[in-house]
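Sequence annotations record features per position, and here Swiss-Prot assigns active site, proton acceptor to Lys20 based on sequence analysis. Per Swiss-Prot, active site, nucleophile is recorded for Thr23. Swiss-Prot lists Glu73 with the feature active site, proton donor, giving sequence analysis as the kind of evidence. The domain 'ASCH' annotation in Swiss-Prot covers 6-92.
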Amino acid sequence: MNREITFFGRFEADILADRKTITIRDSSESDFRSGEVLRVCRNEDGVFFCHIKVKSVTPVTLDGLSERHAEQENMSLDELKKVIKAIYPGLDRFYVIEFTRC
């Protein structure tokens with residue numbers, strides 16, 4: 001049985017179109033392994049919409065986020081930092097989970 005990861009519904013279309021290829025999470029959601037296949041569901045209602053395969057899990061700080069991270073999230077760097085600050089207020093250490101849709 002595959003473990004599950006959730007995304008806000010606003011990211012579903014980008015994931016399904018392969019425009020979003022990373023997710024940035026805090027330490028409570030950093031225990032995924034390279035090669036692991038995850039069920040992907042919407043955070044708001046738990047509806048399943050695809051599977052992803054984890055490519056890597058890499059630590060990063062808020063200041064360490066780059067234009068490349070923003071590109072992989074399909075947004076600008078300023079937008080990315082605002083989203084991360086809104087989801088994880090007061091935190092500075094995160095994990096970049098790179099994935100491919102399967």
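Placement of Cβ uses the backbone N, Cα and C atoms for every residue, glycine included.
These figures come from a predicted structure and were not determined experimentally.
Across all of the domain 'ASCH' (6-92), the predicted model scores a mean pLDDT of 97. Residue counts for the domain 'ASCH' (6-92) under DSSP, helix first, then strand, then coil, are 29 helix, 26 strand, 32 coil.
The two recorded residues, the residue listed as 'active site, proton donor' and the residue listed as 'active site, proton acceptor', have Cα atoms 5 Å apart. Within the same chain, residues at least 6 positions away in sequence whose Cβ sits under 8 Å from that of Lys20 (active site, proton acceptor) are Phe11, Asp14, Gln72, Glu73, Asn74. Residue density at the residue listed as 'active site, nucleophile': 23 other Cβ atoms are found within 10 A of its Cβ, drawing on all protein chains shown. Other C-beta atoms found within 10 angstroms of the C-beta of the residue listed as 'active site, proton donor' number 23, with every protein chain shown included.
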